[in-house]
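Trainee: My questions will all concern the structure given below.
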Amino acid sequence: EVDWFSLASILFLLMFAPLIVYYFIMSCDQYQCSLIDPLVDLLTGRKHLSDIWDKTPTLTYRAAGIYALWVTFQVVLYVFIPDFCHKFLPGYVGGVQEGAVTPAGVVNKYQINGLQAWIITHMLWFANAYYFHFFSPTIIFDNWIPLLWCANILGYAVSTFAMIKSYYFPTNAKDCKFTGNFFYDYMMGIEFNPRIGKWFDFKLFFNGRPGIVAWTLINLSYAAKQQELYGQVTNSMILVNVLQGIYVLDFFWNEAWYLKTIDICHDHFGWYLGWGDCVWLPYLYTLQGLYLVYHPVQLGTANAIGILMLGLIGYYIFRMTNHQKDLFRRTNGNCKIWRKKPEYIECSYMSVDGTKYYSKLLTSGFWGWARHFNYTGDLMGSLAYCLTCEFEHILPYFYIIYMTILLTHRCIRDEHRCFSKYGKDWKRYTAAVPYRLIPGVF
């Protein structure tokens with residue numbers, strides 16, 4: 001059943017999330033990234049909504065062509081070019097991999113080739129920038145708002161198609177979840193793993209491509225625009241490109257591991273993922289680079305080093321925390337964490353068919369510091385991105401605010417699910433590891 005708070009939240013997001021994205025991008029285009037000035041103009045009557053809308057670039061054939069070519073190219077890389085990186089990169093897991101067991105008992109196979117797609121895409125980007133010159137490296141920035149309309153069209157189209165598909169030709173009918181509430185079903189999705197053919201998995205494709213592959217290209221386009229406008233690329237822009245580039249590369253290096261995360265293992269595919277990955281992610285996760293085009297910041301050496309260290313330490317915590325959990329699971333606890341035998345709590349749970357299962361919850365290493373310490377590292381990295389922009393405007397700090405809300409909410413979702421699954425054993429675990437994110441605080 002859908003409770004009233006969930007329904008209210010969903011209606012709010014469906015109505016206002018697209019407006020929030022538009023407002024942020026428009027404020028940079030027309031108000032030098034000020035979030036206050038547009039409201040002041042509207043409230044004082046200096047401008048009307050129609051004035052702002054009339055100055056907004058419209059959808060163009062050029063942008064539509066660019067976007068259609070981009071998505072088509074990513075589909076080709078995803079579906080038709082099997083991964084070869086795992087054959088020569090030590091430690092990288094690619095090629096055909098199995099996902100987690102779905103609620104209906106299905107184990108889907110995935111073609112893991114995101115790192116390969118990222119490498120090919122960026123090799124072509126740099127080849128064009130330095131040799132072929134078919135298009136300007138600023139092409140993304142120069143068409144940013146027209147591309148926003150294209151991304152919205154795709155986001156709504158794929159979300160609507162996924163809902164229709166779930167009713168008439170689902171990939172697996174037993175993995176569909178119907179609540180009877182249209183808005184909830186449209187937002188959160190009905191089908192667990194909608195697919196077309198053997199390999200095109202909607203959830204994996206839209207989670208990773210085209211949005212995350214584009215993330216680093218978008219930042220490179222911002223850097224190129226800075227060079228064009230001011231004759232140099234500031235160290236703050238370089239930091240944004242480096243730190244976010246590390247995050248993106250980590251995602252694709254660990255794409256097989258991503259199959260075990262909450263996005264793939266628990267979320268259904270609806271507007272939340274379809275539109276979110278097409279619009280919300282590429283447009284709001286890249287606000288720091290966009291801001292630095294309008295407000296170039298040259299950081300002092302000490303500040304730049306401090307921000308770099310914060311970002312790298314955050315990444316180290318994020319990666320090592322996840323590595324410890326993965327190592328513990330793969331070896332069933334027969335490993336060493338911080339050179340010691342890991343500590344854990346043995347838990348049991350019942351499946352819907354009455355079968356009893358056992359699992360272990362790690363309580364040592366970073367997982368002894370907090371129950372979601374990987375999120376803590378993620379938040380440290382997010383803060384580092386924002387600090388590159390200094391403190392003149394709040395717009396670039398939207399990311400850390402949003403990530404704090406998102407990951408705190410995800411903590412609560414995770415723990416509600418774990419309490420339902422483990423019962424009294426989960427209480428034993430939270431007693432052993434009392435903090436969620438920040439040891440001694442929260």
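Cβ coordinates come from backbone N, Cα and C, glycine included.
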Trainee: If I go by TrEMBL, the feature transmembrane segment sits on one of 300-318, 395-413. Which?
Mentor: 300-318
Trainee: Between 6-25, 59-81, 144-164, 238-259, 271-294, who has the most Cβ pairs under 8 Å to the transmembrane segment (115-132)?
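Mentor: Per the Cβ count, the answer is 59-81.
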Trainee: So which residues does the transmembrane segment (59-81) touch in its own chain, when a touch means Cβ under 8 Å and the partner is 6 or more beyond its ends?
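Mentor: Same-chain contacts beyond the ends: 111, 113, 116-117, 120-121, 139, 143, 146-147, 149-151, 154, 197, 199-200, 205, 209-210, 213-214.
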Trainee: Which residues of the same chain, at least 6 past either end of the transmembrane segment (238-259), have a Cβ under 8 Å from a Cβ in it?
Mentor: 92-94, 97-100, 110, 112, 114-115, 117-118, 204, 207-208, 212-213, 215-216, 219-220, 222-223, 265, 285-286, 288-289, 292, 299, 304, 307-308, 311-312, 315, 318-319, 322, 326, 381, 384-385, 388
Trainee: Sequence-remote contacts (6 or more beyond its ends) of the transmembrane segment (271-294), Cβ cut-off under 8 Å?
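Mentor: Residues packing against the transmembrane segment (271-294) from afar: 13-14, 17-18, 20-21, 24-25, 28, 32-33, 141, 144, 148, 151-152, 154-156, 158-159, 162, 186-189, 202-203, 206-207, 210-212, 214-215, 218-219, 222-223, 225-226, 229, 234, 236-237, 240-241, 244, 263, 385-386, 388-389, 393, 395-396, 398-399, 402.
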